[in-house]
Amino acid sequence: MSDIDQIYRNDNFLKKFQWLKFIIILIDSVFRGISQVMFANNPLSGIIIAIGLAIDNWQLTLYGIFGTTISTLTAHFLNFNYNSIRAGLYGYNGCLTAMAIVYFSLYEFPHIIFSIIIMSIFSTIFFESISKIFVNHLGIPSFTFSFQISSWILLLGAMKYQYVIVNGNILQPTLLTTVNNKTHLSNVSFSDYSSEHILISFFTSISQVYFVDNPYTGVIILIGIALCSKILALFALFGAISGSLTAAFLLKLPAQAIYHGLWGFNTVLTCQALGGMFIVLYGYKIWLLILYGTISTVFVQAAVSSFLSASGMPAFTFPFTFICWIFCLMVPSKDLIPVKLSDCRIPEDHYYRFCLSKFIKNEFKYLNILNIISSSSNEDITNNELLKIEKEFVPILMCTYAYRNDLNKMKILFKKIDHNINLIDFNNRTPLHISASEGYMNICQWLIEKVKIDINIIDNFGSTPLFDGFINGNFNVANYLFLNGGKFPFTKNKELAFYLNAFIYENNIEAVKYLLQLGFNPNETDYDGRYSLHLAVNTENLSIIRYLVEQTSISFDIKDHFNQTPYDYALKLSQPGIANYLNKEKYITIEKNKNIEILIETNSFEQINNEKNISTITLEENLLPYLLSISTTDKLSNFIHEHPDINIFDCIDYDKRSLTHLAAINGQYEVFEYYQQNFNQEDRWNLSPLDYAIINKHNRIVNSMKEKEDLSSTDNNKIEYKDNSIIYLLKKWKKIFLFLTLSASGDVERIESLFNRKYFIQQELYTDYDGRTPMHLAAAYGHMNVIQLLIRLGYNNGINNKDRWGYTPLDIAKQMKFTNIIDQFQQQ
């Protein structure tokens with residue numbers, strides 16, 4: 001119903017025609033009411049069922065639609081629960097009541113209309129009243145009890161009413177009698193029951209739910225139910241079969257009544273109700289319960305029919321109602337899980353909801369301990385809790401499996417979930433981001449080829465999986481992503497242009513080819529408007545110049561912030577060779593070869609190292625930081641005291657974030673009352689909790705951490721993996737880019753924090769490929785606070801350093817006419 005309901009609830013839907021909007025919604029609700037007789041909440045199912053009924057008796061069908069409409073309008077008039085009205089829950093009793101009145105009486109239009117209106121209205125009022133007892137206090141539905149009471153009132157009163165005449169051929173009040181000529185068991189014979197008639201009874205049992213004796217109508221009703229739920233249709237048929245067979249071969253009830261479906265329609269409804277509609281279809285015991293419930297329904301129907309025979313009243317659907325009340329009151333038990341009435345949909349949804357929640361609760365070991373999901377592992381959950389699981393826990397679990405390189409668990413979980421679920425966590429990251437960052441080719445291939453995951457989704461850090469694969473040095477994974485449509489995010493173009501220029505400056509043509517063959521545009525410029533050909537010319541690297549010109553779509557006319565093209569710089573070189581080459585190639589159009597194979601091998605050392613680190617961390621420890629971050633302070637405190645063996649602050653998630661990282665992001669100051677050290681712990685992006693607190697402007701947390709700050713080195717100033725030059729260069733130039741970017745933006749708090757935890761050290765210049773230091777950038781953008789901080793921290797080497805054009809930071813300040821910065825430099 002949700003998709004259609006969203007259309008109806010849209011403020012712009014028939015905004016100028018509210019009366020038409022109401023009529024459309026009413027028609028939808030009426031046909032839902034007709035299908036809700038068989039627990040199907042679908043207007044198309046109602047339409048198909050109505051067509052099937054009309055084939056046999058169109059007048060009875062119209063009266064049924066009329067009764068449904070009256071009862072639904074009554075609910076609207078009395079302002080009952082709108083969602084229940086929309087679901088047809090106030091209509092199905094009116095439908096059955098109207099059809100029962102017409103079926104069991106002889107009087108015709110217009111007298112019959114008055115009775116239908118009165119009793120349809122009463123069925124709605126009685127349904128609302130009785131539900132306050134059954135639903136609110138007992139936690140079970142009232143089923144069709146309202147229809148039964150309404151119909152009995154009218155038919156019993158017919159003995160007194162002047163204008164109401166019941167059909168004596170159907171209702172014959174007699175005294176309660178007992179069959180005296182019972183057959184001895186030794187003489188039992190089933191010759192009265194033909195297989196053909198028994199087969200027909202299976203479908204007439206279904207149609208008799210609506211007082212119609214027609215097997216073809218039963219088939220059409222099954223089709224209508226199946227449109228909403230195949231499980232409901234299956235159990236409707238199973239109920240009809242088991243009910244008819246029980247009546248015939250176990251109790252030897254009259255053959256004609258069985259053929260006409262009179263001993264099967266109650267069992268149809270019982271099987272539907274117990275078969276996943278109100279009890280989750282989980283485990284073998286529920287199947288035994290359904291079978292036993294079906295047999296019991298026939299026994300109860302026989303008893304109720306005998307009891308009511310004195311007044312000639314039919315049992316209607318009371319046997320089904322009575323049995324389902326008993327069974328619904330019996331649960332929950334260890335192996336029988338009731339469906340929450342507030343979130344009742346169809347059996348398929350209930351089964352999916354329970355199985356997924358059970359799996360999630362088993363994987364998130366501490367989920368129930370922290371009471372994040374209110375129900376236990378053997379309870380049904382609400383739809384809101386299901387949405388929370390699908391939106392939050394499933395993506396987190398999939399990302400954690402990806403981090404742990406556990407493809408088998410990913411496949412198991414994927415089979416359990418709705419494949420329309422977006423596997424995106426709270427940072428917009430997917431398992432593909434994680435597997436690309438870790439270099440797990442097998443998981444990347446499965447996610448792309450089998451799951452069909454969005455390969456270019458951008459996370460909150462501005463990264464796509466391709467960027468994550470590249471920046472972490474996972475070369476074969478990055479190449480695979482690119483060949484399957486992976487792209488770099490445009491927000492990272494300046495950073496990638498910086499790395500490309502750095503690779504050229506380092507004279508590493510392999511790294512240059514690697515980046516360009518992943519689809520990066522060599523014409524992208526850095527923060528100074530300089531691009532790859534500028535650097536290749538300035539460094540006089542003819543081999544890289546030739547590669548850019550002959551193998552890529554390089555432009556010759558891009559100017560940097562000095563308004564100079566690569567050719568302009570080439571003219572200033574001592575040797576004219578490069579200038580002549582560029583001048584010649586500029587006017588030659590050739591087909592560029594863009595498909596050179598990448599020959600870089602996977603860094604197996606790094607992947608083995610990742611797996612070694614993961615093996616020391618349990619799944620529960622990977623999941624714990626997020627669970628604790630969404631818990632209350634009291635729950636966090638209780639968890640710490642109840643689990644002293646777990647150091648919660650050493651647990652990290654799939655992006656290597658601890659609880660303190662998440663608390664710093666969310667501004668949860670209370671968490672830091674339990675945490676006294678190691679604020680320098682870095683996540684995947686080399687960010688510490690203090691960095692996050694500064695970025696998110698949580699000043700209280702920043703001040704608290706500075707008071708407790710551990711100034712010990714994190715050893716991140718040391719470049720690792722020197723066995724692979726590209727990884728070495730990426731780590732080196734990432735740090736330089738960060739320092740230059742922070743200086744250009746004036747982020748003095750971040751810079752100070754990074755110096756304090758020894759991420760930056762005073763002895764390094766951190767110059768870019770043009771010899772520009774953080775001092776140059778701070779001077780260029782007028783950030784006096786950054787310059788004062790760098791001087792105070794002892795970063796004096798950058799003051800007198802000259803860039804490629806011979807300018808010191810003082811010269812830059814003079815060019816920009818920042819007099820306060822000029823005075824600051826002259827005092828040094």
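Glycine is no exception: its Cβ is also placed from the backbone N, Cα and C atoms.
What TrEMBL says about a protein is an automatic prediction, not a curated fact.
The following features are taken from TrEMBL:
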type	residues	note
REPEAT	770-802	repeat 'ANK'
TRANSMEM	60-80	transmembrane segment
TRANSMEM	87-106	transmembrane segment
TRANSMEM	112-131	transmembrane segment
TRANSMEM	138-159	transmembrane segment
TRANSMEM	219-251	transmembrane segment
TRANSMEM	263-284	transmembrane segment
TRANSMEM	290-308	transmembrane segment
Task: Positions whose Cβ lies under 8 angstroms from the transmembrane segment (87-106), at least six residues beyond its ends - done: 1, 29-37, 41, 46, 59-60, 63-72, 74-75, 80, 112, 115-116, 119-120, 123-124, 127-128, 144, 146-147, 150-151, 154-155, 158, 164-167, 170-171, 210-211, 314, 316-317
Task: Across the repeat 'ANK' (770-802), average pLDDT on the 0 to 100 scale - done: 92
Task: Feature contact check the transmembrane segment (112-131) with the transmembrane segment (290-308), CB under 8 Å, 3 or more pairs - done: no
- [ ] Compare 60-80, 138-159, 219-251, 263-284 by their Cβ pairs under 8 Å to the transmembrane segment (112-131) and return the stretch that comes out on top.
- [x] 60-80
- [ ] Residue list, the transmembrane segment (138-159) vs rest of chain: Cβ under 8 Å, 6 or more residues beyond ends.
- [x] 37, 92-94, 96-97, 100-101, 104-105, 115, 119-120, 122-124, 126-127, 130-131, 165-166, 171, 269, 273, 278, 311, 313, 316-318, 320-321, 324-325, 328-329, 338, 341
Task: Outside the transmembrane segment (219-251), six or more residues from its ends: residues with CB under 8 Å to it - done: 35, 38-42, 44-49, 51-53, 55, 190, 193, 198, 201-203, 205-207, 209-210, 257-258, 261, 263-272, 275-277, 281, 290-291, 294-295, 297-299, 302, 346-348, 351
Open item on the list: Do any residues, 6 or more residues outside the repeat 'ANK' (770-802), come within under 8 Å Cβ-to-Cβ of it, and if so which ones?
Closed with: 528, 530, 538, 739-740, 742-748, 751-752, 755, 762-763, 808-810, 812-813, 816, 818, 820-821, 824-825, 828
